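Trainee: Quick paste of what TrEMBL says about this protein:
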DOMAIN    C:27-263  domain 'Aspartate/glutamate/uridylate kinase'
SITE      C:Lys31  site 'Transition state stabilizer'
BINDING   C:Gly67, C:Gly68, C:Arg89, C:Asn181  substrate binding site
SITE      C:Lys244  site 'Transition state stabilizer'
Number of protein chains: 6
Amino acid sequence: MITSDPQLRARMLLEALPYIRRFHGAVIVIKYGGNVLSDADRSLTELAEDVALIRSVGMRPVVVHGGGPQIDELADRLALRPAFIDGLRVTDAEMLAVVRMALLGTVNPAIVTALGSQGAPAVGLSGMDGSLAVASRVSPELGYVGAVSTVNPQVLTDLLATSAIPVVASLGVDVSGQILNVNADSFAAALAVALKATKLIFLTNVAGLLEHLDDPGSLIAEVDVAHAQRLIESGQIRGGMIPKVTAALGAALGGVERVHLIDGTVPHSLLLELLTDEGVGTMIVGGTQ
Amino acid sequence: MITSDPQLRARMLLEALPYIRRFHGAVIVIKYGGNVLSDADRSLTELAEDVALIRSVGMRPVVVHGGGPQIDELADRLALRPAFIDGLRVTDAEMLAVVRMALLGTVNPAIVTALGSQGAPAVGLSGMDGSLAVASRVSPELGYVGAVSTVNPQVLTDLLATSAIPVVASLGVDVSGQILNVNADSFAAALAVALKATKLIFLTNVAGLLEHLDDPGSLIAEVDVAHAQRLIESGQIRGGMIPKVTAALGAALGGVERVHLIDGTVPHSLLLELLTDEGVGTMIVGGTQ
Amino acid sequence: MITSDPQLRARMLLEALPYIRRFHGAVIVIKYGGNVLSDADRSLTELAEDVALIRSVGMRPVVVHGGGPQIDELADRLALRPAFIDGLRVTDAEMLAVVRMALLGTVNPAIVTALGSQGAPAVGLSGMDGSLAVASRVSPELGYVGAVSTVNPQVLTDLLATSAIPVVASLGVDVSGQILNVNADSFAAALAVALKATKLIFLTNVAGLLEHLDDPGSLIAEVDVAHAQRLIESGQIRGGMIPKVTAALGAALGGVERVHLIDGTVPHSLLLELLTDEGVGTMIVGGTQ
Amino acid sequence: MITSDPQLRARMLLEALPYIRRFHGAVIVIKYGGNVLSDADRSLTELAEDVALIRSVGMRPVVVHGGGPQIDELADRLALRPAFIDGLRVTDAEMLAVVRMALLGTVNPAIVTALGSQGAPAVGLSGMDGSLAVASRVSPELGYVGAVSTVNPQVLTDLLATSAIPVVASLGVDVSGQILNVNADSFAAALAVALKATKLIFLTNVAGLLEHLDDPGSLIAEVDVAHAQRLIESGQIRGGMIPKVTAALGAALGGVERVHLIDGTVPHSLLLELLTDEGVGTMIVGGTQ
Amino acid sequence: MITSDPQLRARMLLEALPYIRRFHGAVIVIKYGGNVLSDADRSLTELAEDVALIRSVGMRPVVVHGGGPQIDELADRLALRPAFIDGLRVTDAEMLAVVRMALLGTVNPAIVTALGSQGAPAVGLSGMDGSLAVASRVSPELGYVGAVSTVNPQVLTDLLATSAIPVVASLGVDVSGQILNVNADSFAAALAVALKATKLIFLTNVAGLLEHLDDPGSLIAEVDVAHAQRLIESGQIRGGMIPKVTAALGAALGGVERVHLIDGTVPHSLLLELLTDEGVGTMIVGGTQ
Amino acid sequence: MITSDPQLRARMLLEALPYIRRFHGAVIVIKYGGNVLSDADRSLTELAEDVALIRSVGMRPVVVHGGGPQIDELADRLALRPAFIDGLRVTDAEMLAVVRMALLGTVNPAIVTALGSQGAPAVGLSGMDGSLAVASRVSPELGYVGAVSTVNPQVLTDLLATSAIPVVASLGVDVSGQILNVNADSFAAALAVALKATKLIFLTNVAGLLEHLDDPGSLIAEVDVAHAQRLIESGQIRGGMIPKVTAALGAALGGVERVHLIDGTVPHSLLLELLTDEGVGTMIVGGTQ
């Protein structure tokens, strides 16, 4: 038993009521990072618990994932050397095979079975299924790296009409049938826009955006698009966070009401964000000033 | 904020997950007593919170009520003197008018509006609506007192297919169109059987059944039908509890899997019973030894 | 047997055919007055016969009722003294309880069971059910008297999709959950507009509108909104008829194609109005001259 | 106006209420004879009025017809000589062409357009449509004369799910695709059994069955199968009535609750039979003594 | 066996794949001429094979037919003399009866049973069924000849939602219920426009339109509306082809994407047109130059 | 163009008609072997063409695959040494990762994208998705090798209700959430039984079963279960064919009407089997002699 005070238990359940009602039937796209996954089973089990709960109270979660660490590990075993240009993985044919195997053969089934163990029927997908994510190549130097150009959400909307939870690996397919490696953050944003999601939540390994990069106390609870762009311009958002925030801004501008950056390393941060009065991390809202 | 520990909050929500899943779509008939109601607004608000929550997580509650104290109060104002035979109210034409007015004009709208204030769309009904509860007279001396002979659950199943919560006053109608006063406990049992309810929960003002009437520590957590019948025979169940337990046994024998007697004066006992690991009160299970 | 001439019988049935076809599926809101009810069983049985018949040939009637005489009678028994301002009942907390009990505990179940006795499944409702009629207070002096501000017709449209006939008492609920006493004529008009009713029929105890108040032969068969307003201004419509006609005009302006004032004391006037070539009473049609 | 007494009009409409309710959704197969048709437009218009009315109050009529007089007339114009064996028309290839043309080209469109003129959407069919009536030849001497062996009611049930009234000519098709001429009475009986019709009504040109053939006053209101068979054996049913009554008995034994023989030359006899308390003609009920 | 080379068989099936996919669910109106029918069984069986196949792969064919030769033959037997004005048949009451009998009694059931023999459930209809084709008279001299003024496609759309194939005779009905004889080409065009058909295909007995009437080698594969109109004006389209092409142009201007004139005397030309890369005949496309 | 004879083309299409009709809506489980896949793109494109065609004419194919050669290749690159016991792959944790990556990361997306390139929306799945295939371990020595104990076909039946083609990798999940490697032949048989498939087709690299192993001319066209068992006992079926035939027999005994072993290396053998009169390979039919 968690607490000896039954009244406390009851009040906590009741606190969730308005959120359950507000988000009933809402599509919630959750980007789950490979970094978060790599710190192993505990995090994955907690994610599965949270996603299973929000599904069982009537929300319609869609989990999107990449798998950088898993790709790196397999590449290493196969003696391939990763290379990056502007944070995007150079992906030749051999590396693409590694990406496919890591995402579809390792990360995706791990999430699907973790959800299954929570009693939640999950279905693993990728952008190739039902031509969900049609992509085109970004640049010759990057090889088989693509950006999503068209989302055909039918396979997802069909699944969401059942009780299943889609778990989608960030691969796309071009018009010739060639599989392409797609950045998972922008992949999640593209799906969220196409699904007219109510929320897009990035589970990251930082607390959120900071007004001043060197001041952990300057966490920003809510930010609009213009403000976020200024933070990028002024250098307060840097490095790997730039593409993530750029993807988030794209979703906000594309009509996703609320985009969240929350700390996936905090246990059950997803649940706290969705079902309690406590906001966690940073929320980006659409509109410009 | 209820507690400063977010992890505790998350774990409490997750504890409810298996119950939410198990009872998804289940019909839960809740008998709410006039005694419970009479101790006023706090109790009613808590009931409404609990019922609204279990509806919002996918259960299908049906609230059944009587209203003894309210009838007595109105009778008193109209200078009518209540009389009882074997615990059943003698109901002549004048008293029947009082019963109708108290149940339909006072208790029912109070519950309906309390649920409405929690954002839960409730619809007040009685056994006359759609000929839901066809009854026949019990005995000449009791006057317009009836026992349910046939339940036509269509009006309830139609409502349960929408998002509405039915709130049903314990009146029946005989084949000639005459309204009859029906004991609310047996009324609730008849509805639960007809609806093939998963649970029937009596909110009472005692903790549950006791193995020994004079030992509050002898609360029985679970009892089967044969055992409960022996408790009646041996006198450990007495007075007003006899018809209540008899109604409960009838429901258990009629196919309702689990019938509960719980203490409605404990705040949120309904929620604790349905969504936490803590059993409260006494559960009667079908089958004989 | 009613007539010995079978051909006459057949022709009368056939005369109804075009009306049956024209009004198939049409929502017909019928305001049934407490005055009409009070002259007892005969009138009520006839109403129930008529409503059951029009339902069985495919129309979708909604019955709305108040209950002035029944309120007065109960108030008298409880030694409360009715007071009125501009024809509206001053309603303090005690009087509101009386109103609730009279409407919900006496009038509503009487209509529901009368319909049930005709084999027509009726369901009693009020403005609190499913927050059907959200109202706000009219003035401090009137106490708990409200005017409908918003109609949430879902509970009615759900019921109308089944074979049930809704019978609605003219009570509303404000945003705080407080029940309010609403004038039944304006309540019926608000429902008719919200339901996009094809017809709104007021069953009154007069023959209809008169061009000259003192000339019974000057009954007006059809009148438009502007003409009716002139009759009010010129004093040819007076007293209790003013709020009734005002409600009727509101419905006509709100899009209800035809609003009728017919004499509910004439047996089966409802049926004659709806299913025969004989117009009865006064019809108000939308549009201004 | 038909009668100056509005109350009489209302009571006549109300008299129909229990029948409207009892037969709501019921399939009513109506065999309309060529003889009846031949006495021209008045009869056809009355049939159409009656069928349109019973459809509009919720019954599901299916009209079946033959067309003996029309066949004879066309055969005569084409200098073909009709021949009969045991009341069945000898049908060689030329005569079959005549039968097809008379039934499909004359009788069927006359009924369809008569219904259309009453605002009732009718659809002409025959046993070939959707292989509705698969038949096999009766005997070599009769040529293209068939008896229905299998009914595929899909095309009818599809139509009955819409608002259309099927009008079916009594032709069948054998397994090789050959059209066959089928006796309309037995054709109607086969459809009624396959459709699980509530009623099968033969519109004939006699008042019904007589206990004593020479005593018009001995009309039998209700007869069971065994009794009817004795009437055939004892010769009180003769000639053309024998196959008609045999078909009626087959339907009764096949599960059609009530089979009626009524006088189609009496105006609106169909309506009187279905919607008033007056039984007309003879009713055959299933079961043996 | 047709060919000894299985690979050839497989490739031919696969060639049809893109057409099957493109026309899945598409309404294809096929005008089948009486001339084509008259050259007997072979042509009719082939038509039925083709229509059954395209239905079974998911298209929704509607067959429309007239029956000039069959009308002439019956008129001749009845010693009536056909007369024509501008290619339209003068139709007095007697001739109308002949038209009805020939179309509904001979041609329509022949097509329906031919389809039935291919296992395809067909349903014979005409413009009277469900008031499908409301027409008005063209001129007093022509008698009962009509042009379609309104199409009520409900009966067709209901049938197309089932697996049935409608076969429609070119008769209309005017507002008074009078049947009218309608030119089958313009009848087919009116249906195609009302059904928003993807294709309208005229099966004729010529190869298609010729650029130069005397040069069989000048067959036009594709033509737009303006070009076709010039061909009429310049006299390269003559006689009976003028009303046919005029109907085709009307359909093209009414929104039917593609209208085809193909040679129905070439075996399986319908199939070749719809399911292979080989265009046959002339295609008229909408739009002007 | 494939052949210059259009009539031949038409006849070949028509030859397919009875098969298209017979198998409309039928579930066809197709086991596609890794051996077949490994001979590269030609075979895969042909499979995709065939599966896309049968889907587009209304069948509901489900593709099941393993991937032995692809597993071996990846294992080799990672310096793991494959080991087999009784034809089943010994699967430790490292080998399981290889199996997952090869099946889900290489074979599955190759089939999905090949189908997508034919315009057929395919969705990749495995036994973990929606707990489709619950399995249990076979023996301790084999490690993570499982046999399917329960099939939860919901995720497949949901997909089959859309236009998607499921492509299922032969992995299962045990009750603890552990992924297990399952033999693809028995996996396909288990799915076929659970889906009540009309056909189960094994695409192999041999022509079928031989009566005498050393006589290629003794190919058996059709065999019942008892006969096939005798062939195993007598040694005419050997080695890797034994588990395949055993799986086939299990499906036949489990209610799959027809199980086929056909040569997947013959181009379009699937199409020839399903849509032409030519039987290919060996058909196993249920029932014993």
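Quick reminder: no glycine exception, Cβ is built from N, Cα and C everywhere.
Unlike curated records, TrEMBL annotations are generated automatically.
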Trainee: Which Cβ among the binding-site residues (C:Gly67, C:Gly68) has the fewest C-beta neighbours inside 10 Å?
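Mentor: Selected from the binding-site residues C:Gly67, C:Gly68 on minimum Cβ neighbours within 10 Å: C:Gly68.
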Trainee: Measuring Cα to Cα, how many Å separate C:Gly68 (substrate binding site) from C:Lys244 (site 'Transition state stabilizer')?
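Mentor: Counting only the Cα atoms, the answer is 14 Å.
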Trainee: Could you say which of the recorded positions C:Lys31, C:Arg89, C:Asn181, C:Lys244 has its Cβ with the most other Cβ atoms inside 10 Å?
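Mentor: Max Cβ neighbours within 10 Å, all protein chains included: C:Lys31.
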Trainee: For C:Asn181 (substrate binding site) and C:Lys31 (site 'Transition state stabilizer'), determine the Cα separation and express it in whole Å.
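Mentor: If we compare the Cα positions of C:Asn181 (substrate binding site) and C:Lys31 (site 'Transition state stabilizer'), the gap is 16 Å.
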Trainee: For C:Asn181 (substrate binding site), what is the secondary structure state per DSSP, taken as helix, strand or coil?
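Mentor: Going by the DSSP assignment, C:Asn181 (substrate binding site) falls within a strand, counted as strand.
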Trainee: Please give the maximum pairwise Cα distance, in Å and rounded to a whole number, for the substrate-binding set C:Gly67, C:Gly68, C:Arg89, C:Asn181.
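Mentor: Spelled out: the longest distance between any two Cα atoms in C:Gly67, C:Gly68, C:Arg89, C:Asn181 is 12 Å.
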Trainee: Restricting attention to the domain 'Aspartate/glutamate/uridylate kinase' (C:27-263), give the mean pLDDT.
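Mentor: Averaging the confidence scores along the domain 'Aspartate/glutamate/uridylate kinase' (C:27-263) gives 92.
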Trainee: Distance between C:Lys31 (site 'Transition state stabilizer') and C:Arg89 (substrate binding site) at the Cα atoms, whole Å?
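Mentor: Given the Cα positions, C:Lys31 (site 'Transition state stabilizer') is 19 Å from C:Arg89 (substrate binding site).
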Trainee: If one measures from the C-alpha of C:Arg89 (substrate binding site) to the C-alpha of C:Lys244 (site 'Transition state stabilizer'), what distance in angstrom results, rounded to a whole number?
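Mentor: One finds 15 Å between the Cα atoms of these residues.
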